[in-house]
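Notes follow the structure.
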Amino acid sequence: SERERDLFESKRSEEEEEESKSGSGTREEKMLPTTSRSRSSSSSSRANPMFLQYFRRIVKWQQMDVEYTFWQMLNLCTSPKVVYQHTKYHKQTKNQWARDDPAFIVICILLLAVATVAYCATYDHSSSHAVVVVVSVLLSHFLITGAIIATCCWFLTNSYLREEAPNSHVVEQRVEWLYTFDVHCNSFFPMFVLLYVIHYFLSPILITHGFIPLLLSNLLFMVGASYYHYLNFLGYDVLPFLERTTFFLYPIGVVIVLSPILILSGFNPSRYFMNMYFSQRL
């Protein structure tokens, strides 16, 4: 009958509506996990930045590659370009220019502390003053000065030395702050060998009065400062997206010009710094 046909069609239409609602619900349920997964991945990437992973490895000595660090230190004194060639390989494998291993910084701090203790044992008479000297040298000569230099180089390279992207499809690259601090550490180590280790063994001669000690002291400091800035230049010249990196060689000219002036004026940097830090007057 017509009445039964109407009832049958009304039930059928209700079932189709329910199926369409359930189908849309399942489609929404399938889409929801994708959204939540993307949010969780982005939040996890923000929660685990490179700095946290870096500082977390400082307290885990077994995770540091000490052998590779000493290889880098040796080559920074003999063939620094090889070290920065390996920096390119690190970028290709780890997708970052900065080291992810804090072993270099830790070993530099330990070596600097040992060298300062040796100076204090020779030229200082107070153990309490020696502790102050060690802490001040670690902070002022390495960490604080290094952080200031790294910040200035980071700002300079990202603001003025980056190449302009040829088109909008090229990914914009920036210098990592941690990489600038790595460059400072690399440049500091050969200078440490010259002005802390070799200087320590030559100090009985360098601190005496006379023209020869004056000349040798200034030459040693000139070579150490010039080599520091040369390694600074190599560290930024290896980055393919920077231009005009010869800017980092300009301080070498300033050092070369100042050295004869200091020699003619009778300024002995060895005596100056030894009198500044240690209680024994020279």
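Glycine too: its Cβ is placed from the backbone N, Cα and C atoms.
A TrEMBL annotation is a machine prediction, not a hand-curated record.
A quick note: this is a predicted structure, and the numbers were derived from the prediction, not measured.
The compositional bias 'Basic and acidic residues' annotation in TrEMBL covers 1-14. The region 'Disordered' annotation in TrEMBL covers 1-45. Sequence annotations record features per position, and here TrEMBL assigns compositional bias 'Low complexity' to 36-45. The transmembrane segment annotation in TrEMBL covers 103-123, 130-157, 205-228, 248-267.
If one looks beyond the transmembrane segment (205-228) by at least 6 residues along the same chain, the residues whose Cβ comes under 8 Å of a Cβ in the stretch are 187-188, 190-191, 194-195, 198-199, 251-252, 255-256, 259, 262-263, 266-271, 274, 282. Distant neighbours of the transmembrane segment (103-123): 58, 64-66, 68-70, 72-73, 129-130, 133-134, 137-138, 141-143, 182, 185-186, 188-189, 192, 196-197, 200, 203, 274, 277-280; these residues of the same chain sit at least 6 beyond its ends, with a Cβ under 8 Å from one of its Cβ atoms. Within the chain, the transmembrane segment (248-267) has long-range Cβ neighbours (under 8 A, six or more residues past its boundaries) at 153, 214-215, 218-219, 221-222, 225-226, 229-230, 232-233, 236-237. Among residues of the same chain six or more beyond the transmembrane segment (130-157), those with a C-beta under 8 A of the stretch's C-beta atoms are 108-109, 112-113, 116-117, 119-121, 124, 175-177, 180-181, 183-185, 188, 232, 236, 239, 242, 247-248, 277-278.
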